[in-house]
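Engineer: One structure follows; several queries about it will come next.
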Amino acid sequence: MAKVIVMTSGKGGVGKTTSSAAFATGLALRGFKTVVIDFDVGLRNLDLIMGCERRVVFDFVNVINGEAKLNQALIKDKRVENLYILPTSQTRDKDALTKEGVEKILDELRKDFDYILCDSPAGIEKGALMALYFADHAIIVTNPEVSSVRDSDRILGVLASKSRRAELNQEPVQEHLLLTRYDPERVERGDMLKVDDVLEILAIPLLGVVPESTAVLRASNIGMPVTLDEKSNANQAYTDAVARFLGDTVEHRFMKPEKKGFFERFLRRTA
Amino acid sequence: MSIFNFFRPPPRKSVAEEAKERLQIVLAHERAAGSSPDYLPILQRELLAVIAKYVQIDEKKVEVSFERGGDYSTLEVNIELPPPSNDKAARARGTGPVTGGDAKKPPAAAAKRA
Ligand SMILES: Nc1ncnc2c1ncn2[C@@H]1O[C@H](COP(=O)(O)OP(=O)(O)OP(=O)(O)O)[C@@H](O)[C@H]1O
Ligand SMILES: [Mg+2]
């Protein structure tokens with residue numbers, strides 16, 4: 001049975017698109033046929049992060065409106081087997097997505113894919129509601145920072161009341177916390193919320209901690225999901241998170257500052 | 001610990017600890033309130049209506065503040081009352097007495113409210 005996952009956060013700019021690209025790539029690398037859908041109508045970005053922006057012909061809204069077939073709009077990734085992207089439209093029409101339209105496409109994708117990952121726009125308005133409505137799993141992307149944590153709490157409330165599972169009184173959407181842009185050194189200094197603080201407040205299971213990493217910007221600049229950047233710690237963090245999602249037991253890492261040599265520490269102090 | 005710490009003020013709450021406390025308080029309230037409408041504006045309007053039955057009040061001279069705390073919250077309503085001379089003038093014009101009003105309303109209206 002295909003599973004629908006939403007990557008959501010409430011707050012903008014916390015790393016949903018980065019995480020969607022990385023997570024979808026990770027699932028495909030594990031052999032699951034995966035499609036990642038950009039729900040951010042009007043602000044298409046997933047195509048750039050996935051590096052397929054020059055291959056977009058038709059989009060999600062074209063398919064909903066019957067202007068294109070689903071397989072015409074799906075873009076097959078050139079690097080990873082089993083990975084597909086469904087780009088969003090650049091239209092300014094906020095009502096371009098309808099529940100019926102989205103449902104029709106998801107039902108069609110379900111027949112063919114193992115995982116359908118929805119990259120949600122920020123906010124708790126229509127676009128975000130559409131992205132989460134049909135979800136079986138929700139990955140809550142949160143930064144260790146007060147407004148992000150508060151907005152995550154709100155989106156958890158929305159999931160519990162406005163998702164299809166909630167409306168139909170089915171088993172609730174399964175929630176997972178993905179704490180990103182974590183800086184263990186600042187945590188050590190007492191300047192940043194700890195993993196445990198965020199967990200205590202939000203009270204949902206921890207899927208992974210992704211450290212603040214220069215590899216993320218580098219990867220986005222060249223249109224490569226960070227999961228393909230072999231050496232980066234962000235890649236390892238996302239790969240671990242995917243493994244946990246699939247049921248593997250993997251110890252959490254990147255929660256403590258990296259051990260630094262004397263020389264490096266000296267440089268940092270004088271910098 | 002270096003000797004210099006000896007001269008420092010006693011350790012204070014870290015920024016992260018303060019962030020956590022603030023979040024816990026605000027979320028406790030937001031979760032309890034859920035999506036129900038905020039009653040404060042209505043409460044304020046009704047409070048003023050009651051007070052206005054007895055004294056003349058200037059809407060601009062009313063301050064309402066609400067502060068959420070961990071154990072309890074406080075609602076503070078500050079109303080600047082007009083100087084006594086105004087009050088007398090009002091009574092001279094016959095708007096002062098507080099009898100009448102509700103008492104004269106037909107019982108049907110009261111029943112509706114209950
Ligand atoms: N782990 C990380 N380390 C460093 N930078 C990061 C990390 N994760 C995300 N970023 C950066 O944060 C910015 C926002 O990321 P992204 O676009 O993924 O967020 P978003 O939640 O999708 O935003 P929006 O709400 O606008 O859709 C980008 O510049 C990205 O490179
Ligand atoms: Mg995004």
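For all residues, glycine too, the Cβ spot is worked out from N, Cα and C.
Heads up, here are the entries from TrEMBL:
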type	residues	note
BINDING	A:Lys11, A:Gly12, A:Gly13, A:Val14, A:Gly15, A:Lys16, A:Thr17, A:Thr18	ATP binding site
DOMAIN	A:2-151	domain 'AAA'
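Describe the structural surroundings of these features, if you would.
Structural biologist: Long-range Cβ contacts of A:Thr18 (ATP binding site) within its own chain (separation 6+, distance under 8 Å): A:Ile49, A:Thr180, A:Val216, A:Ser220, A:Val226.
For the domain 'AAA' (A:2-151), the model's pLDDT averages out at 95.
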Engineer: Identify, in sequence order, the binding-site residues in A:Gly12, A:Val14, A:Thr17, A:Thr18 that approach chain B with a C-beta to C-beta distance under 8 Å; the answer is 'none' if none do.
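Structural biologist: Listed binding-site residues passing the 8 Å Cβ cut to B: none.
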Engineer: Residues with Cβ closer than 8 Å to the Cβ of A:Val14 (ATP binding site), same chain and 6+ apart in sequence?
Structural biologist: A:Val141, A:Thr142, A:Asn143, A:Ser148, A:Thr180, A:Arg181
Engineer: Look at the binding-site residues A:Lys11, A:Lys16 and tell me which residue has the greatest number of other C-beta atoms within 10 angstroms of its C-beta.
Structural biologist: A:Lys16
Engineer: Quiz question: given the binding-site residues A:Gly12, A:Gly13, A:Gly15, which has the greatest number of C-beta atoms lying within 10 angstroms of its own C-beta?
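Structural biologist: Most Cβ neighbours within 10 Å: A:Gly15.
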Engineer: Cβ under 6 Å from ligand 2: which of the binding-site residues A:Gly12, A:Gly13, A:Val14, A:Lys16, A:Thr17, A:Thr18 qualify?
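Structural biologist: Within range of ligand 2: A:Lys16, A:Thr17.
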Engineer: Including all protein chains displayed, how many Cβ atoms other than that of A:Thr17 (ATP binding site) lie within 10 Å of its Cβ?
Structural biologist: 24
